[in-house]
Amino acid sequence: MRFRIYKRKVLILTLVVAACGFVLWSSNGRQRKNEALAPPLLDAEPARGAGGRGGDHPSVAVGIRRVSNVSAASLVPAVPQPEADNLTLRYRSLVYQLNFDQTLRNVDKAGTWAPRELVLVVQVHNRPEYLRLLLDSLRKAQGIDNVLVIFSHDFWSTEINQLIAGVNFCPVLQVFFPFSIQLYPNEFPGSDPRDCPRDLPKNAALKLGCINAEYPDSFGHYREAKFSQTKHHWWWKLHFVWERVKILRDYAGLILFLEEDHYLAPDFYHVFKKMWKLKQQECPECDVLSLGTYSASRSFYGMADKVDVKTWKSTEHNMGLALTRNAYQKLIECTDTFCTYDDYNWDWTLQYLTVSCLPKFWKVLVPQIPRIFHAGDCGMHHKKTCRPSTQSAQIESLLNNNKQYMFPETLTISEKFTVVAISPPRKNGGWGDIRDHELCKSYRRLQ
């Protein structure tokens, strides 16, 4: 039997097959690209509060599920599964890409929009219940639609990202600390299984041969990654927002530093603008601004329109700390001192800088009635049960009972206290490891 071959039909059939193949290839390619950049799945995230100390890797590893027959007390944890390694690499790649892209949301024209006299930077870890309260307070703040809010994260969380995705009342930018425990679960700056246990004496550590045996802190303890991370994040964030955030390249205003468990009064921006004007006109020697102290009077009468000039103290004025670019540049010149001082608290370390490295003691302009409150009565320094709803209810009650005194028409400096010498604070330790020192100092060199 003879078959007649029609060249035209063969050509058409070939083109059809090629077209189908191209469509299939393109679809798979897009899928692979989307999978590569997509956020990690919810079930890959650890339970909140799963922290660990020292070399107890299984409790701090993010995205790695503990196998049932693996003991958390093992001196050398099991080798991570390849899927876990791939997940960690996806986190790192995603963080790098987002920090590079710096996608600005809630602005009409991203290429032409510029921030005004205030930018907020919020340090976020993994307490969505408190972050939700902060966002609620921001939503109620008058004039917030003109304020850029930068959220700086050290933990990738779908729940937290969804909370921030719901912010539609102000410009928003998210950045991510690229050296978090989550991104380095099995190695420094996370907890390396070869690290020395926290309470191991130095002579025993030297015999054991753990990798940081030479570098205990001032109290003989070895580093705990979960405590070191906060100071790292704060210093990286300080540098990154001033030097690497493109929208702030020519910014001449102030940056107000917050944390996820802070709560702002509805008139905080109103008061802040008046404080900034007062500083320029009546207190040019003031180095920094603060939105308030931890002590709040039950009545705002006679004080809501008053501010004081004082010597800055880390235990009183670390909430709502606002810096100019000039103040930042003086701080960054003290990088070596900040990064080697043996205290895991960023604010106590700043206090040490004011007496050891900065040209003079910091002078702070602060309102007599706080416009910022600490909702987080639990956390790193507290062992209380977290009750964010109780705390927010108390703050709301205080504000509602004094709303007639808020939004003052003018602010006046009630008193300029004499700037007194402050003794160097007693260091708390937790920052003796030379690896922490060198990583901290490297942030200035990062592009």
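Each Cβ is built from the backbone N, Cα and C atoms, and glycine gets one as well.
Cβ neighbour count for GLN229 (substrate binding site): 23 (other Cβ atoms within 10 Å of its Cβ, all protein chains included). Under the DSSP three-state reduction, GLN229 (substrate binding site) is assigned to helix. According to Swiss-Prot, the substrate binding site annotation covers GLN123, VAL124, HIS125, ASN126, ARG127, ASP154, GLN229, THR230, LYS231, HIS232, HIS233, ARG298.
The secondary structure of ASP261 (Mn(2+) binding site), as reduced to three states from DSSP, is coil rather than helix or strand. According to Swiss-Prot, the feature Mn(2+) binding site maps to ASP261, HIS374, an assignment based on experimental evidence.
Residues near CYS210 (disulfide bond) in space but far in sequence (CB under 8 A, at least 6 apart, same chain), listed by position: ARG194, ASP195, CYS196, PRO197, LEU200, TYR222. Sequence annotations record features per position, and here Swiss-Prot assigns disulfide bond to CYS196-CYS210 (among others).
What Swiss-Prot records for CYS283-CYS286 (among others) is disulfide bond, and it gives experimental evidence as the kind of evidence. Neighbour count (other Cβ atoms within 10 Å of the Cβ, all protein chains): 18 for CYS283 (disulfide bond).
What Swiss-Prot lists as disulfide bond is CYS334-CYS357 (among others), and the listing cites experimental evidence. In sequence order, LEU353, CYS357, LEU358 are the residues near CYS334 (disulfide bond), counting only same-chain partners six or more apart with C-beta under 8 A. Mapped onto three states, the DSSP output places CYS334 (disulfide bond) in coil.
Here Swiss-Prot flags CYS339-CYS440 (among others) as disulfide bond. Following the DSSP three-state reduction, the secondary structure of CYS440 (disulfide bond) is helix. Taking a C-beta cut-off of under 8 Å and a sequence gap of six or more, CYS440 (disulfide bond) has these contacts in its own chain: LYS231, HIS232, TRP235, THR335, PHE338, CYS339.
For CYS378-CYS386 (among others), the entry in Swiss-Prot reads disulfide bond.
Marked as N-linked glycosylation site by Swiss-Prot on the basis of sequence analysis: ASN69 (among others).
Long-range C-beta contacts of ASN86 (N-linked glycosylation site), restricted to its own chain and to partners at least six residues apart, with a cutoff below 8 Å, are absent. Residues or ranges marked as N-linked glycosylation site by Swiss-Prot: ASN86 (among others).
For 1-9, the entry in Swiss-Prot reads topological domain 'Cytoplasmic', with the evidence type sequence analysis.
As annotated by Swiss-Prot, topological domain 'Lumenal' applies to 30-447.
Annotation source Swiss-Prot lists transmembrane segment at 10-29.
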Next item on the list: Check the Cα-Cα distances from HIS125 (substrate binding site) to the recorded positions ASP261, CYS283, CYS286, HIS374 and tell me which is shortest.
Entry: ASP261
Margin query: Test of understanding: give the count of other CB atoms lying within 10 angstroms of the CB of ASP261 (Mn(2+) binding site).
Written below: 25
Checklist line | Length of the line joining the Cα atoms of HIS233 (substrate binding site) and ASP261 (Mn(2+) binding site), in Å | finding: 16
Next item on the list: Measure the Cβ-based neighbour count of HIS125 (substrate binding site), defined as the other Cβ atoms within 10 Å of its Cβ.
Entry: 24
Check: Looking at the recorded positions ASP261, CYS283, CYS286, HIS374, whose Cα is closest in space to that of GLN123 (substrate binding site)?
Finding: ASP261
Checklist line | Most Cβ neighbours inside 10 Å, all chains, among the disulfide-bonded residues CYS196, CYS286, CYS339, CYS357 | finding: CYS196
